[in-house]
Amino acid sequence: MGSQGFNNQKNGQRLGITEPISLGGPSEYDVIKTDELEKFLADAGLYESHEEAISREEVLGRLDQIVKIWVKRVSRARGLNEQLVQEANAKIFTFGSYRLGVHGPGADIDTLCVGPRHADRDEDFFGELKKMLLEMPDVTDMHPVPDAHVPVMKFKLSGISIDLLYARLSLWVIPDDLDISQDSILQNADEKTVLSLNGCRVTDQILRLVPNIQSFRTTLRCMRFWAKRRGVYSNVAGFLGGINWALLVARICQLYPNALPNMLVSRFFRVYTQWRWPNPVMLCAIEEGSLGLQIWDPRRNPKDKYHLMPIITPAYPSMNSSYNVSSSTLQIMTEEFKRGHDICEAMVLSNGSWLELFEPYRFFEAYKNYLQIDIVAENDEDMLNWKGWVESRIRYLVLKIERDTSKMLQCHPHPGDFSDKSNPFHCSYFLGLQRKEGVPVNEAKKFDIRLTVDEFKANVGSYSSWKPGMDMNVTHIKRRDIPAFVFPGGIRPTRPARVSLEGRQTLETSAAGSVDVATSVDVNVVDGPDADRRKRKRDDDTSIAPELVRNDGLSTDGFSVGGVTHMRVNVVDQVGIKTEILDQNNEDISGQLTSEKLAIEKLMSESPQEDDNNFAKGIDMEFSTVKPVPSSVTISNNNTGTFSVNGNLEELEAPELDVPLPNLSHATVASQKKPIMRLSFTSLAKATGNST
């Protein structure tokens, strides 16, 4: 690819909805650290081989030929004349990590088949095309999911995993030069087609909106690896998935357009440590469009105003790609951003390596109390379907626990499952439990979540495709009782000899068997690879550059605003700011950090003159303590959309939690031991530091 393909900056054109924070270019140090980072990622096995890359291209070419043959068969079966049969066409597009250029060895390829109006989704795509594929000897592991929120056909072609979506356009003939980035492509499209097209449209728009594609790719590859190592890469668990991380990284690339990946990684943590959610992250202004599709708009859509971590997609119809983030998972990610920020700052001062940043998070040493969710089925197919259903419900359990404990109990879902090799049709999910940081201790106040768990089990038991043998059990376990099969090799690690208490909340079991949530602050495993969550380093702005420090009531590290309990949404990332062009050769690093910190602060706090057509005018957010800031985006009031568009980014929106329990007459859930989850908030003022 030529330089133009890697650089989207033309004639000084600004990308993004604000001016950059820094236009500074790389220093010699940045070049060295970026080389080290790229070597680290390569040594970690994140890049596929040249041979595998060629195999993927060949498989995609073959798949494109298959769908072209398929659409001609469908056209002939529909009785079209021979000329129309010969003109009939279908095209394959890619999206996701493969299209972004950040996929690793063995990764799935997200693909989209675009077909004409006479090629039906149910009868032709999931019927005739599936039949054609099954007749091919090198097609294996076929798993169609026609009832999914975004219908998908999963299979392997020549050993390469494919996720294939289908978009049925209103055209009789699909041109070879079809541009699906045009909004007109959505005209007269059904809901499933809009959802299926969205993945490609968002991916392509991201690549258009970053200043340097190669720097974006390296940074995103790094952040995806970091998120997986730290246990915060999972849309279904309530954290962030691939598209969310891509959007967050792309915004940092816009704010630092000339920076190399080492600097972009550091600034990623700096900016999002200071970010005041639920202010949205956006790469471009939200467009109303002319097709009446529903867009993210807290003023019009009541559900949108309760999104905790809005990350808005840049293609029409714009939507929040991260609506499933919960209070607990947001808190966990915020702590991880702070940890990354501290490590990157320390790395600059000590010229350290990248290793510490990517140390795996020791989930099974982080808490003393867990919920274990065991599921079983009778065969592979049932297990695959049952597992997918239960996993998609776990984040609702987190929401229910937060609801029933007034958000005082933090629930940390582990991304992914663990299997007991002795039982092929069994797997387990785990959630860590602790009292949320900052919650005052209330003597003798207890929370019994047994009814919450029963409600969750009832919700899971309402699975429409339930079959005999599909069962689930939920139990409360202590850390010492975690099954050995969750550990590498099935071997439980030896507990460290010393444990210090320094800031993490812990939970103790009382003699009566209740779970006492205590106020000991951080359990740091001495000498472990994730020995501590470092106390956040605070810049002493006043001592460094007093003339740059603003006295506006904002704390310099968290930008907290006391006494204000409302905000106007869709605002922060649209505020104009003055560009701070930082001299990368300036020896006064502290002054540079202070200036840059203030520039980030301006992103979050400065407001231009209010506009009567303010996008978020009048939106009050009861759950947030954020200074109101107006937006410059204007949107007309002629939206006539009739359905919610969530894109190929997630499954379903969270339903209302206060709903009647479903009838479970069809589901014979096994007799289960009720988890003892009576939670008592007490103080550990006399904590000895010993862990059990």
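Heads up, the Cβ atoms here are built off N, Cα and C, so glycines get one too.
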Matching range for TrEMBL feature annotation, region 'Disordered', among 1-21, 526-546, 631-651: 1-21
Helix, strand and coil residues within the domain 'Poly(A) polymerase RNA-binding' (363-421) as assigned by DSSP: 29 helix, 15 strand, 15 coil
Arithmetic mean of per-residue pLDDT over the domain 'Poly(A) polymerase RNA-binding' (363-421): 93
